[in-house]
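This report refers to the structure that appears directly beneath it.
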Amino acid sequence: MNDFSKEAVKPADSATAAAKAEKRSRYAAGVMKYREMGYWQPDYTPKDTDVIALFRITPQPGVEPEEAAAAVAGESSTATWTVVWTDRLTACDMYRAKAFRVEPVPNPAEGEPQYFAFIAYELDLFEEGSVANLTASIIGNVFGFKPLKALRLEDMRIPVAYLKTFQGPPTGIVVERERLDKYGRPLLGATVKPKLGLSGKNYGRVVYEGLKGGLDFLKDDENINSQPFMHWRDRYLFAMEAVHRAQAETGEVKGHYLNVTAGTMEDMYERAEFAKELGSCIVMIDLVIGWTAITSMGRWARKNDMILHLHRAGHGTYTRQRNHGISFRVIAKWLRMAGVDHAHAGTAVGKLDGDPLSVQGYYNVLRESHNSVDLTRGIFFDQHWAGLRKVMPVASGGIHAGQMHQLLDLFGDDAILQFGGGTIGHPSGIQAGATANRVALETMVKARNEGRDIANEGSDLLEAAARHCTPLKQALDTWGDVTFNYTPTDSPDFAVTPSVA
């Protein structure tokens, strides 16, 4: 029965009618500009539950920056190249990504206009606990889009509601230090060199010498898996024999990162289980195994009380170029979500590319409970980590004892300093190389704790210590003047810093 007592419905005002007409026009058949389809919304206010991505866009000539930003939003969410009627079967206004802010990049290095585009994504667009699904949207298809000359994902804000669906690191910095009973200093490591070609027995000898000399860890390199010259099982047996012997002789907890990277997940699980049976406290994986495999190994490590080390093998193919690819600060966030305990994050002073402030930003993303906006270190968003455990950053690649003061000053205590060639290339042998690094580290930690200015006094402090430590003196004589002083290819847009090398 009709209720005529209710107030009659008033005709829509002109603004409402215009809005409805504009909305209907988005579904006219044919090709429309992305910003006309609703992917450019400058008045949009992001919600606390939105995933926000910051892209550096370089439009093709003639493409307006707002249209380029809208295209990125569209192609990384719900759009295709033409209007489709099935949009009307979805809550497309909610699911549509929204480019809400575009601003020019200050002083673009390439000399052509670049823009920062801020894009918000509804949380329902992503599967819970899946970095693979997150990346399939954010970087899955849009990087090959023709209207863009180049595209780079610079940073992301991950909402707490989404972070809570991830396990995060299986062990974390606090629990790892408890297991190792090592506090108040960075951990020391080294990569076995040469990375390929050693027999299992000689490999184990390198591990023993390094640990006996004072290192906390030795490690496999990224490409040592199971090759004809050394089957993985042989390497594990000899390496763990060395670990147990060094532990018994030094009274310290030691470890070796046994690389379980393999061609299938079944093989990786088999290797990890064998490492655990041998008494290892840690296993290692490579970034190239992919996000689903990383997450799976993180869950295995959590269930089995193992530390999980990640080598960022392959990252330079997409992180190094300033105008195209993905910043490593984003990779660092994804790694923390997927669940690793260690992650290589740069040295600033070694042989691998990395601006000092940018590298500090990567470290902060991995090991802080909350990241505040810090444009000088490339951090664009406040990021609350919702209780996810902290990842221990790893400095590795072309570093030596003569740089110990720089490394400690840059990165502090919660880091792992890995000296591969700087240990195994020592003129008096591996054990002497390890001792040189341990003495250099303890010298710097003691001086810092006494209030000394290690950044400026470090070289003199090392020289003084070397008068009482022949291995350190030999290390300084061999590598003291070795630097890799090149201009970084990627540095923060809001602060230009020289190399510290």
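For all residues, glycine too, the Cβ spot is worked out from N, Cα and C.
Some features that Swiss-Prot has for this protein:
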{"type": "ACT_SITE", "residues": "Lys193", "note": "active site, proton acceptor"}
{"type": "MOD_RES", "residues": "Lys219", "note": "N6-carboxylysine"}
{"type": "BINDING", "residues": "Lys219, Asp221, Glu222", "note": "Mg(2+) binding site"}
{"type": "ACT_SITE", "residues": "His311", "note": "active site, proton acceptor"}
{"type": "SITE", "residues": "Lys351", "note": "site 'Transition state stabilizer'"}
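The structure, with features from Swiss-Prot marked on it.
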residue : record                       : CB count, 10 Å
Lys193  : active site, proton acceptor : 16
Lys219  : N6-carboxylysine             : 29
Asp221  : Mg(2+) binding site          : 19
Glu222  : Mg(2+) binding site          : 20
His311  : active site, proton acceptor : 25
Rounded Cα distance, in Å, between Lys219 (N6-carboxylysine) and His311 (active site, proton acceptor) is 10
Glu222 (Mg(2+) binding site) and Lys193 (active site, proton acceptor), compared by Cα position, are separated in whole Å by 12
For Asp221 (Mg(2+) binding site) and Lys193 (active site, proton acceptor), the CA-to-CA distance in whole Å is 8
CA pair Lys193 (active site, proton acceptor) / His311 (active site, proton acceptor), Å rounded to integer, equals 16
